[in-house]
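Participant: Take a look at what TrEMBL says about it:
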{"type": "BINDING", "residues": "GLY98, GLU99, PRO100, GLY101, ILE102, GLY103, LYS104, SER105", "note": "ATP binding site"}
{"type": "DOMAIN", "residues": "69-215", "note": "domain 'RecA family profile 1'"}
{"type": "REGION", "residues": "351-452", "note": "region 'Lon-protease-like'"}
{"type": "MOTIF", "residues": "252-256", "note": "motif 'RadA KNRFG motif'"}
Amino acid sequence: MAKIKTSFFCQNCGTQFAKWQGQCTSCKEWNTIVEEVIQKPEKTSWKTNDTKSLRISKPLKVSEIDTSKEARIDLRDSEFNRVLGGGMVKGSLILLGGEPGIGKSTLLLQIALRVKHKILYVSGEESQKQIKMRAERINPNSDNCYILTETKTQNIFKQIENLQPEIIIIDSIQTLHSDYIESSAGSISQIKECTSELIKFAKETATPVLLIGHITKDGNIAGPKILEHMVDTVLQFEGDRNHVFRILRANKNRFGSTNELGIYEMQGSGLREVSNPSEILISEKDGELSGNAVAATLEGLRPLMIEVQALVSTAVYGTPQRSATGFNAKRLNMLLAILEKRAGFRLGAKDVFLNITGGITVDDPAIDLAIIAAILSSNEDVPIQSDYCFAAEIGLSGEIRPVQRIEQRILEAEKLGFKAIFVSKYSKLPESSYQLGIHKISKIEDLVEIIL
Ligand code: TYD
Ligand code: MG
């Protein structure tokens, strides 16, 4: 019997070591190095009788390289296509990460049931019956989608050779294992090996592969960081599980921009593409309520009108509470300090609660002005007109600062029927005329004067 070979891998960055040590010299993490069994045969190819890999590539002039073959596959899901940069490139490897239960399997199964290409959905997590039950909720009649429950890569490649699918979906990379490596599924060396087999397969046959990846509790894709380096595209599916909205974004894309964003709504019959998110994010209400303001924000390249709600009340206990949902609490404290110091509002003895509706988290600084407006409105108990919206950042000295792509925000507000938008005095606006009124302000006092 051959001697079992082992090696030590850092579970954080994937670096291999000859012996155990307390700290990884590569990523400087402590206690991340674990012993794993490895067994490398001479040949670790996806095919057993491999002849193609003998081919040696030659240097070519850039102008000589043929790109016409890079036709994109239409996935018949406009949000997904957009995030990928206009469809899936043949031979590319796409990794989709997200929290458990967020809808990764649902999203990819839905695509599998929809496309017109022959597609193989390999699941290592659910049985064929379970997948069928899920498929019945989404779209029961599809002739192109094949389901395989298998976790061994060699068996999967055997089935692929028989079936010759045009697209492959793997749910999930952490459940796969290869015969060439002896450690358990989900370990660093298995993930690395299975991914490299899949990459080799994808590049040699020009078949695109979609991988689902689990994430760790701090939000990174489980497995070595090199996993993200190896694949062509890394997508992230996120949202609050208790809310219906899901956002698909590209963290890395070799074939398109990472600014695009897809928005879905989770329904009883799968995920619905949301082509006009602003309409849903602004809640319907009778009459005007104090403490509500609408911000014209941008998520990636997409304008999104988001409603901000604030509640300011006298603190019952000694220390006033400050809490924010969907917004950075530290930034909220900073905005409150600016209101206190620069605009003379005494909020020190008040509780302040802030909520971004729809369960989304906003990083765009352009939301600052709407937050201040909502807080002031709640504090004074004066409602803001529901057809007003805001787009500006607040500086530490209370100045209203311009934000990027202001024109796009104005156009979105106009499209949705807003009557006025508040922007910074220093915003560079093109010389065109808009139907909505543009209020240019430079200080918080100006805002107070107009809305209160
Ligand atoms: P799932 O795709 O299994 O998540 P993941 O693969 O990311 O772990 O999604 C599961 C959740 O989606 C589950 O809690 C139920 C919900 N769901 C719907 O609301 N409607 C549907 O049509 C389907 C299929 C799932
Ligand atoms: Mg799943």
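The backbone N, Cα and C atoms fix where each Cβ goes, and this holds for glycine too.
Just so you know, TrEMBL annotations never went through curation; they're auto-generated.
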Participant: For ILE102 (ATP binding site), list the number of other Cβ atoms lying within 10 Å of its Cβ atom.
Facilitator: 19
Participant: Hey, what's the Cβ neighbour count for GLY103 (ATP binding site) at 10 Å?
Facilitator: 20
Participant: Give the sequence-ordered set of same-chain residues, not counting GLY98, GLU99, PRO100, GLY101, ILE102, GLY103, LYS104, SER105, with Cβ within 8 Å of the centre of the Cβ atoms defining the ATP site.
Facilitator: THR106, PHE237
Participant: What is the pLDDT of the motif 'RadA KNRFG motif' (252-256) when averaged and given as a whole number?
Facilitator: 92
Participant: What binding-site residues among GLU99, GLY101, ILE102 have a C-beta sitting less than 6 Å from any atom of ligand 2?
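Facilitator: Qualifying residues: none.
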Participant: Counting Cβ atoms within 10 Å of each candidate's own Cβ, which of the binding-site residues GLY98, PRO100, GLY101 comes out highest?
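Facilitator: The residue with the densest Cβ neighbourhood is GLY98.
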Participant: Quick one: what's DSSP say for GLU99 (ATP binding site), helix, strand or coil?
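Facilitator: In the DSSP reduction, GLU99 (ATP binding site) maps to coil.
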Participant: When the motif 'RadA KNRFG motif' (252-256) is classified with DSSP, how many of its residues are helical, how many are strand and how many are coil?
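Facilitator: Breakdown, helix to coil: 0 helix, 2 strand, 3 coil.
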Participant: Sorted by position, what residues of the same chain at least six away from GLU99 (ATP binding site) have a C-beta under 8 A from it?
Facilitator: ILE215, GLU238, ARG241
Participant: When the domain 'RecA family profile 1' (69-215) is classified with DSSP, how many of its residues are helical, how many are strand and how many are coil?
Facilitator: 61 helix, 34 strand, 52 coil
Participant: I'd like the per-state residue tally for the region 'Lon-protease-like' (351-452) from DSSP, helix first, then strand, then coil.
Facilitator: 37 helix, 26 strand, 39 coil
Participant: Taking the Cβ of LYS104 (ATP binding site) as the reference point, list residues of the same chain whose Cβ is under 8 angstroms away and which are at least six residues distant in sequence.
Facilitator: LEU96, GLY97, GLY98, ASP171, SER172, ILE212, PHE237
Participant: Which residues does SER105 (ATP binding site) neighbour through Cβ under 8 Å, counting only same-chain ones at least six apart?
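Facilitator: The answer is SER123, GLU125, GLU126, ARG134, ASP171, ILE212.
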